[in-house]
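Database features (Swiss-Prot):
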- Cys69, Cys71, Cys87, Cys90: Zn(2+) binding site (BINDING)
- Asp489, Asp491, Asp493: Mg(2+) binding site (BINDING)
Amino acid sequence: MIDQYKHKQLQIGLVSPQQIKAWAKKILPNGEVVGEVTRPSTFHYKTDKPEKDGLFCERIFGPIKSGICACGNSRASVAENEDERFCQKCGVEFVDSRIRRYQMGYIKLACPVTHVWYLKGLPSYIANLLDKPLKKLEGLVYGDFSFARPSAKKPTFLRLRGLFEDEISSCNHSISPFFSTPGFATFRNREIATGAGAIREQLADLDLRIIIENSLVEWKELEDEGYSGDEWEDRKRRIRKVFLIRRMQLAKHFIQTNVEPEWMVLCLLPVLPPELRPIVYRSGDKVVTSDINELYKRVIRRNNNLAYLLKRSELAPADLVMCQEKLVQEAVDTLLDSGSRGQPMRDGHNKVYKSLSDVIEGKEGRFRETLLGKRVDYSGRSVIVVGPSLSLHQCGLPLEIAIKLFQLFVIRDLITKRATSNVRIAKRKIWEKEPIVWEILQEVMRGHPVLLNRAPTLHRLGIQAFQPTLVEGRTICLHPLVCKGFNADFDGDQMAVHLPLSLEAQAEARLLMFSHMNLLSPAIGDPICVPTQDMLIGLYVLTIGNRRGICANRYNSCGNSPNKKINYNNNNYYKYTKDKEPHFSSSYDALGAYRQKRIGLNSPLWLRWKLDQRIVGSREVPIEVQYESFGTYHEIYAHYLVVGNRKKEIRSIYIRTTLGHISFYREIEEAIQGFSRAYSYTI
C-alpha cells in the first residue's frame, strides 16, 4: 500500500469481506462478474491450459502470455466494435502476464470459518474479546457440542427452556426429532447457534467502547480490593487484572484501526496469485507444484460438498451437514497453519505440506529470505576482521569488493579524464588492474560513504555508514568499538556492504548513519561504543608496567627473577642513580628509542613534564633528596622527580612512566583535542 506521503509500506491485518471481493472482482463486457474460484482443477490434462474458474483460471488471474487470451487471440485481432480490453469469446483481459503475480481470487465459503491465527494464537484474540474460555470456543467451532443458546435477543425455544438444569434433559428429548425433519434448516437458523457462525454473531454484537468501560470498572474494583492474604485468590486476581488490561488494549486497537471484530471469522477466503504458488513442468513428464495448491484444492472440494448438502438440506441428515462444516473448518485451518490441529497434513510420500504460515515465517520464509534478505545490486558480503589502524568512522574494503561496487563511477571518471575513449576499453583497464584504476578508485571512495549491515537487524544500529578505505586481502576491516552496535565479534561473523547511490541516500548516511554519530544506545541512552574484549586486554598489556613506582627498584628491581640471589649487603643496591633508567626530554624521543629497540614497551623511564601542570601532592614527602656540587638538587618521589637550583626554584619535572603509558596518553590527548576542535567548529 502507499500512504498519503507516497511511502511504500506493507501492512498485515484484518480486512472486510467487501475488500477481499474488491481485490479479485472483474466485470466482463457482457456483465458477468468473475473472481470467484469454484473448481479445484488447475490445468487440463490434454491441452495443458488452465481450467475455467479453477485455481489458475486466466479469466480470474490474467493471461499466461502477455496480450494473448486463452483462445490464442491478441488485442490486434479484436473487432472494432468489440471491447479491446477483453476477449469476447473466453473473457480473458489483454494485459501483461505479470498481473498473475498480484491478481487475487477468492473462495466463497458455504459456512463461516474462524481464522486460526486469531482463535488459537497466544493470546487468543477471539477468546479475549468474548471473555470466554478457549476450550469452550474451540468445542463450539469444531462441533464438539451441537448447540448453544442463540446470540439473538429475541426469545427462542432454547433460551426459554435451557435456563433451568432440571429441564435440560426434557429439552434435549424434545429437540432431537427436529434433526431428521425437513424443516431442520429453519429450526437450525433460529434455535441452534453452533460452529463459527455462532462466534461471528457474538463478535458482531460486541460494543468495543462498552467493553473498555466495563473492563476498566472491573479492574479498578480488583485494584481497590488489595491483597486478601490467600495466595491462590491473590494469584487469580492478578491474572484477571492482566487479562482485563490486555482486553482493553485489544479493543482500543480495533477502534483505532477501524477493524470490526467479526472480520476474524472468514466468509470469503482469499486465493493467492498463481505466480506465488506455481506449477513447474520438468523433464520426463514430472510436475512440481506448490503445496498451497493442494491445500486450496482440499478447501474447494470440501466447500463444494457442503454447498451441495445445504442446497439439499431437506434430504441431508443434520449430523452430516455439521460434520461437513467441521471438515471445511479443518481444511481452512490446514491452509493457514498446518500444525494447528495437531498432526499436519502429509502427502503420499509422508511429506508435510507447507501452509501459508510455513511459507511466511522463519529464516527461510517469504519475508526474511525474499523481501528482507534478497540480493540487491551494488552490494557485497565478506567476513569481518579487526582494523586497529582505522578511525571510528572508517572501514576497510577489500580491493575486489571495492572495484565491483564503484566500477561504474571508475568508468565514468576514466572517460571524463580522457584516460579511455569508451566503456569497453575502461572495463579492460579495470580487468588488467592498471595503476590509474586504483588512483581513480581511491579518489571516488574518498567522497562516497558505504553502509555496513549485519543480520539480524534488530535495531537501527544494525546498519551504519562508514568512510571506506582500501585494504589488502578479502575481508572487511572494522573498528572494534562499533562491534557492540552490530552485536558482532571477530570469530567468523559476516557483514553486508551496500552503496548508497542517490544524493538523498548519501546525505542521510552522512548526517544520520555515520558510526561516530551513533555513540549512545537509542533504547536506554547508555554509551554503546565502549572498549570490550581485545581492546581491554590490549590496554592492560600497554599499561601493565610502573605500578609501584620507584619503590619497585628497592624491593624487586627490574630484571631480577625470584630465584636470583641478591646481595643485600651491597650499599649501592638501595642507592638511586640516573644511569639505571633513561631520561627523555619529550615523548617523541622515547618513541624513537623504542623504534631503535633501546627500550622496551614496559621498561621504566623518566619523561620531562610540563612545569605548569602540578603533580606534586601537598602532603607527599620525597623518598630521597640528592644534592650536587653546584647547588642543584633532585627530589625523588615515588613516580616523579623534581630538579631545582640553589634558589629553590623548580627547573624541570620528570615523571617515571613507561612507553605504554605514553602511547595511551597521546591517543587520549589527540582524541580530546580533536573533539574540542570539532565542538568549537560547530559552535
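Note that Cβ sites are derived from N, Cα and C of the backbone, with glycine treated the same way.
Features as recorded by Swiss-Prot, highlighted on the structure.
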residue: Cys69; record: Zn(2+) binding site; contacts (Cβ under 8 Å, 6+ apart): Glu58, Pro63, Cys87, Lys89, Cys90, Val92, Phe94
residue: Cys71; record: Zn(2+) binding site; contacts (Cβ under 8 Å, 6+ apart): Cys87, Lys89, Cys90, Val92
residue: Asp489; record: Mg(2+) binding site; contacts (Cβ under 8 Å, 6+ apart): Cys483, Gln533
residue: Asp491; record: Mg(2+) binding site; contacts (Cβ under 8 Å, 6+ apart): none
residue: Asp493; record: Mg(2+) binding site; contacts (Cβ under 8 Å, 6+ apart): Val383, Ile384, Arg454
For the binding-site residues Cys87, Cys90, the one whose C-beta sees the most other C-beta atoms within 10 angstroms: Cys87
CB-centroid shell, 8 A cutoff, Zn(2+) site Cys69, Cys71, Cys87, Cys90, site residues removed: Glu58, Ala70, Gly72, Asn73, Gln88, Lys89, Gly91, Val92
Env. residues of Mg(2+) site, Cβ within 8 Å of mean position of Asp489, Asp491, Asp493 Cβ: Ile384, Ala488, Phe490, Gly492
